[in-house]
Amino acid sequence: MLFIELLKAIFFGVIEGVTEWLPISSTGHLILVQEFIRLHQDKAFMEMFNIVIQLGAIIAVIVIYFERLNPFQPGKSPQQIRLTWQLWLKVAIACIPSIIIAVPLDDWFDVHFNHMLPIAIALIVYGIAFLWIEKRNQTLEPRVVKLSRMSYKTAFFIGCFQVLSIIPGTSRSGATILGAIILGASRTVAADFTFFLAIPTMFGYSGLKALKFFIDGNHLTLSQLLVLLVASLTAFAVSLYVIKLLTDYVKKHDFTVFGRYRIVLGSLLIVYSVFKSLF
């Protein structure tokens, strides 16, 4: 039984590692996959699992961008050190809206929107938004082509877009990338800032979910700990590849394909949801 559970954990880790960085909603995909492939765990663990598994993906960002994000990296010039600290300040400013709005409302949105139909609608709505933005941008040049040129005000408003991802199916990366592009950032800058913003956001969110799990009187069994570790390690390994793939992709392509994918998947989920309610 444990062997089968660990195989499922690997599968969920792959799903997380791929969908965390593509603008197609990792949490939404995990919830949907669990309609068909279930871990034999209680509800409290699964709610925590769906969020804490993201730590593996976040650690991949730190590994890939460690030199760029480390202000104490040997060999950096004074100007590079200053720009690194400024980047971290922008990331911190972008976290403010989530701290003020998303954290207090998280449980309410979990109760009312953590279902297939709201996920499907969110997939479609943001899919349409991606198609519209990319069509609009065909005649526009981005104003922000380097992270060092991004203002603190722009970083804050990108953080406001991140709050939208509190609705399952939205996609944290999708919301921040979409917001950054709307605010004039290039696709490369939008993707990079999304990766960096994920570090404090997801560490904090995962920490809160884990803390809530234990405060509510739950305990991790050895099998649950193994499932969580295996899934997180898999997400880490897959993320190392997907992050590099996405950074290369956005240099030559737009996000239209992801918009179309979201619309198709959301439409199929609505059909499935209706079919399931009838039968």
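Glycine residues also receive a Cβ, built from the backbone N, Cα and C atoms like all the rest.
These features come from Swiss-Prot:
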type	residues	note
TRANSMEM	2-22	transmembrane segment
TRANSMEM	44-64	transmembrane segment
TRANSMEM	85-105	transmembrane segment
TRANSMEM	113-133	transmembrane segment
TRANSMEM	163-183	transmembrane segment
TRANSMEM	188-208	transmembrane segment
TRANSMEM	225-245	transmembrane segment
TRANSMEM	255-275	transmembrane segment
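Counting Cβ pairs under 8 Å that are 6 or more residues apart, the transmembrane segment (85-105) and the transmembrane segment (2-22) reach fewer than 3 and are not in contact.
Ranked by Cβ pairs under 8 Å to the transmembrane segment (188-208), the stretches 2-22, 44-64, 113-133, 225-245, 255-275 are led by 44-64. Segment contact holds for the transmembrane segment (2-22) and the transmembrane segment (225-245), given three or more CB pairs below 8 angstroms at sequence separation of 6 or more.
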